[in-house]
Every structure is written in structure tokens, then in C-alpha cells.
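As C-alpha cells, the structure follows; a few thoughts come after it.
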Amino acid sequence: MKRTIMTNTDTFEQPNTGANEESLRMVSAAPVGNEPVSDEELRPHILEGFIGQPRLKAQLQLFLDAARKRDVPPDHILLAGPPGLGKTTLAMIVANELEVPIRVTSGPAIQHAGDLASILSSLDAGEVLFIDEIHRLPRAAEELLYIAMEDFRVDVMVGKGPGASSIPLTLPRFTVIGATTREGMLPSPLRARFGFTAHLDFYPHEELEKLIERSSAVLGIQLEDGAARQLAMRSRGTPRIANRLLRRVRDWAIVHDLESVRPDDVKEALALYQIDTEGLDRLDIAVLKAIVTNFNGGPVGLNNLAAMVGEESETVETVCEPYLVREGFLIRTPKGRVATRKAWEHLGITPDESAYDVNEMS
């Protein structure tokens, strides 16, 4: 059966926190500008074609094979992990593997419990309901979903005022696939309804190289040896960023009439966008330089740091710092932000004797 995707136009609304700056960054894991989250030309349609996450793939394959042999819809699935790692793609793959339709919506798109009730009551037997950003569902919608996921029914209110009554509406068996970047924000009762929970991790360079090589073949880009590696190094362990950078390199190749892309072409193309070998962009470098040159390596408070780089404190904290901390360029301490030795070395600056020694931190 050919799968059907019904997408609400508001499905992929992004959180407001730091959204303006994040939406302009080439190395953002969230969609940039009008870039679609759903990219059919690059998205694999079967689990075997999904690159990376080998343990998760093995678990999910077993889970789906068992459901097919039992000839029943599988348990509800929760996909958790940072943005851009393939949660939406996996949801589409599950529906395709099961040969059932998929309905797509998101937490922000569901404003009232009635919105969700309308979707649930229209589901067919075996259909998949994919809810992106499920942690952002309104409380009333969450409570409605508890019952629907466990008992496969919704309670419909008939009438108004004191005479109103609740009539249970039985639903066919279906599968909810929830995606979240903040699993901790999900209420325990909702988490408990998911029979299968998968956590997606950032990709190592080797797996990103394979993904880039696959995407380049789909896009018709000839990459020479080492070019995929240069792209992978700058992609922050995130497939969405890797595919975005690959497209910008394709633009470079087209404009310069290149038949194939060399590693040096990747370096030149992405240097134009101020993306360096570690995947750091203009804002990342500005933050590190401010700490190192203006505050001698730190510690420095968040507000002072934000003022130095001309950004809102919230933007620096939520958009820039997570990657710098994850990659060991920055440390958050009770006294403030501190640049690590790796940051000094990356900037090509030798710390003087009065620089804050992060090795002495307790």
C-alpha cells in the first residue's frame, strides 16, 4: 500500500527561544529559512537505507518484524534526541515498512483538545499518527491522548452546560509516533504509553561521510576522495546540517563549472559562509574570541559575554553555547564561562601566564 502523508502547514513550527539567530545560521540543526524539514529526494524510505544509529536500527527492525508477524499495529513509538538527526525520517520509514498511511502533525499545531480529537476520530485501522514536538502539546490534549493511546477511545462531549454528557467513541487500533528534543518535558503518564522508546545520538564523522556520499549521489554531485570528510568535519554530527552544507557546495561547483568537487573546493565554499573545520561559525568564533581576548579566558558572566558579541543573552546560551560545551571549547562554571585550552589553540592564541587555568578547576 502506498503511504499517504497529511501534513499540517504549522507542523514544524520551531520554539521561539533564540529562533531569530538560529534560523539564520548555516550550522543550525533546525530548518533554516524556507528549508523544508521533509526532503523526499534525500530521505530513505526503508530502514535498510537509513544510515547511522546501528543499535537503534536493529532494535526497530526487530520491533517492526514482530508486529508484522503478529499482524497487529505495533506499540506506540517515542523518538527522542537533538534536532536534525532523523526522527521524522524514521517515522516515515516505519509507516512505509508497515505499508500503512501516516498522518503528520505537531504539538504547536494542536491548539485545543478538540483539534486532536478530530484527528484521532478520523484515523483508519493501523494508521500511524506522527506528532512532532510532542512535548509541546497543550495539557488538555495530552490528557485526551493518554486515553486514546491506551484504551483506543475518545470521550466526546455532547450538549452544553449542566446537561452536557460524555459519550465514549471507540477508535480503531493505531500507532502514535512521537518525536521530541526534550524528553524530560514529557509527563510521566504520557511517556508510559510508549511501548518503544528510541534515543538518537549525534553521528560520528565516519557515518556522516557515508550519508554525505549517498546524498551526493542522489543530488548528482561527484565528490573526490576526502571531500565528504571535509563536509563531515563541519557538520556537527548532524545529518540535516551535512545535507545543507552539501547543497551549498553544490552551488559552488555549479557556479565554478566544476565536474567534481575536491576537498579544497569544500574548504573554499564553506569558508565563504565562515564555517571552519570544527563546524564553528561567525557567532561561535565571536563568543570564543570575546572570552579569550577581552576576559583573558574567563570566567565571564553570560550578560557581559552577550553584550560583547552584540547578541541577546538567551541567544548565546541556547543557540551558541550547547555545541561549544559539547565539543570542549567552553566550560560553564558557577563564576561564569571559561574558554578551554582547546579554544585558545583553535583561535591560534597562546595563553599568557595570567590566563585562567581550567586545569585548576575543581
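Using N, Cα and C of the backbone, Cβ positions are placed for all residues, glycine too.
Swiss-Prot lists LEU42, ARG43, GLY84, LYS87, THR88, THR89, GLU150, ASP151, PHE152, TYR203, ARG240 as ATP-binding residues, and of the candidates ARG193, ARG247, ARG248 the one it assigns to that same site is ARG193. The average pLDDT the prediction assigns to the region 'Small ATPAse domain (RuvB-S)' (204-274) is 92.
Residue counts of the region 'Small ATPAse domain (RuvB-S)' (204-274) by helix, strand and coil are 48 helix, 2 strand, 21 coil (DSSP-based).
In sequence order, THR170, LEU171, PRO172, ARG173, PHE174 are the residues of the chain that are 6 or more apart from PHE152 (ATP binding site) and have a CB within less than 8 Å of its CB. Put simply, ARG337 (DNA binding site) is 27 Å from GLY84 (ATP binding site) when counted between their Cα atoms.
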